[in-house]
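Enquirer: One structure coming up, written as structure tokens, with questions to follow.
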Amino acid sequence: MTDAHQADDVRYQPLNELDPEVAAAIAGELARQRDTLEMIASENFVPRSVLQAQGSVLTNKYAEGYPGRRYYGGCEQVDIIEDLARDRAKALFGAEFANVQPHSGAQANAAVLMTLAEPGDKIMGLSLAHGGHLTHGMKLNFSGKLYEVVAYGVDPETMRVDMDQVREIALKEQPKVIIAGWSAYPRHLDFEAFQSIAAEVGAKLWVDMAHFAGLVAAGLHPSPVPYSDVVSSTVHKTLGGPRSGIILAKQEYAKKLNSSVFPGQQGGPLMHAVAAKATSLKIAGTEQFRDRQARTLEGARILAERLTASDAKAAGVDVLTGGTDVHLVLADLRNSQMDGQQAEDLLHEVGITVNRNAVPFDPRPPMVTSGLRIGTPALATRGFDIPAFTEVADIIGTALANGKSADIESLRGRVAKLAADYPLYEGLEDWTIV
């Protein structure tokens, strides 16, 4: 085909010519990510290699089934890729079994529950209002509709999970599955204690490590794998990979978990995403990745310390549990004149993206909330070091301490300098996706 014919053929037209509206929105999102500071705890930036894998010709390939047992021909190359992803996941986390096909963390969690319980069985997880996840039993979620749900919570004084309460509820309710994991909780969980309680009541233990999997991979967070029957995770939070899920388990659950993913929850896997997972899991075994996770933790600790300073306290700002063990800080605004929505909007004005989040025993409605969930993974990926994290922590602390009286222009200028000092995706426009 001649160049002239290619220019008129939609198969060869670049995105900015064929669909300028979509191209402009993507360019706008790239500018937003570059020019602002991303501090939503569940977000991160994937490396060039992951963008290339996910934007590859693998998007064309259907591959229902598993390596060596596909329902379609032509799967030789995708079999290699899926085997790489499974082997890397098992090696990284010390697991006996891995399934890398789930399209998302929620899909992975649905498959886990399909494996460990029957509809109508009782499951027990951390209350959504106290930091749990939708898929751990929220009444409007599939997990709340298909299963009988009981919840444990945090102690009203310490704001930490009380293992005595967990045991008391488990003994009374006799759940089929106990879930350890969270979406907004700043401390380690005691996986050994959860295992002991599960064994005592004859329950299966499932740990959802979506938020802290990267820390586990780096050896900077206790691993749930030795204590759990099944572990699930997303790949895009602290692991810093594509938006997708994985499942790890003891070998005895392999056959049922595979069946629960396909055909139980999904048809064909997204092989471009599986390739991106494989690449992300390779990166997660490097020393550079471990350094990034260490800076993630240090950044969160610096932020927690700044938000407990005298000016923040005077403005009614507090930090849930008084600090953090992980990649996020939960700012408690119950005694502040600002609610979570107002605080989120204020930080958005200065160029920092966070999300409002309910705190335990929150008196405000869930769309308003009395808290902020602030995370450091994306900034660590961007290259932030201790001085940079100290600066962004001070920007946030100053903004929350001053509220509507904050000097927005001054704070925005400080954010802009940090964004310029730690550039993101340099040369992206020139990268070739193959």
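Numbering starts at 1 and runs along the chain as displayed.
Each Cβ is built from the backbone N, Cα and C atoms, and glycine gets one as well.
Dumping what Swiss-Prot says about this protein:
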BINDING   LEU128, GLY132, HIS133, LEU134  (6S)-5,6,7,8-tetrahydrofolate binding site
SITE      HIS236  site 'Plays an important role in substrate specificity'
MOD_RES   LYS237  N6-(pyridoxal phosphate)lysine
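So that I understand the layout, could you describe where these features sit and how close they are to other parts?
Expert: Contacts of GLY132 ((6S)-5,6,7,8-tetrahydrofolate binding site) defined by a Cβ separation under 8 A and a same-chain sequence distance of 6+ are given as GLY125, LEU126, MET138, ALA151, ILE179, GLY181, TRP182, SER183, in order along the sequence.
HIS236 (site 'Plays an important role in substrate specificity') carries neither a helix nor a strand DSSP state and counts as coil. HIS236 (site 'Plays an important role in substrate specificity'): 27 other CB atoms within 10 A of its CB, across all protein chains.
Cβ neighbour count for LYS237 (N6-(pyridoxal phosphate)lysine) (all protein chains, 10 Å cutoff from its Cβ): 27.
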Enquirer: Does anything in the same chain, at least 6 positions from LEU134 ((6S)-5,6,7,8-tetrahydrofolate binding site), have a Cβ under 8 Å from its Cβ, and if so what?
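Expert: Result: ALA106, LEU128, LEU140, ASN141, SER143, SER183.
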Enquirer: Around LEU128 ((6S)-5,6,7,8-tetrahydrofolate binding site), how many other C-beta atoms are within 10 angstroms of its C-beta?
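Expert: Excluding its own Cβ, the number within 10 Å is 23.
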Enquirer: Give me the Cα-Cα distance between HIS133 ((6S)-5,6,7,8-tetrahydrofolate binding site) and HIS236 (site 'Plays an important role in substrate specificity'), rounded to a whole Å.
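Expert: HIS236 (site 'Plays an important role in substrate specificity') has its Cα 16 Å from the Cα of HIS133 ((6S)-5,6,7,8-tetrahydrofolate binding site).
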Enquirer: Would you count the other CB atoms within 10 A of the CB of HIS133 ((6S)-5,6,7,8-tetrahydrofolate binding site), including those on all shown protein chains?
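Expert: For HIS133 ((6S)-5,6,7,8-tetrahydrofolate binding site), the count of other Cβ atoms within 10 Å is 23.
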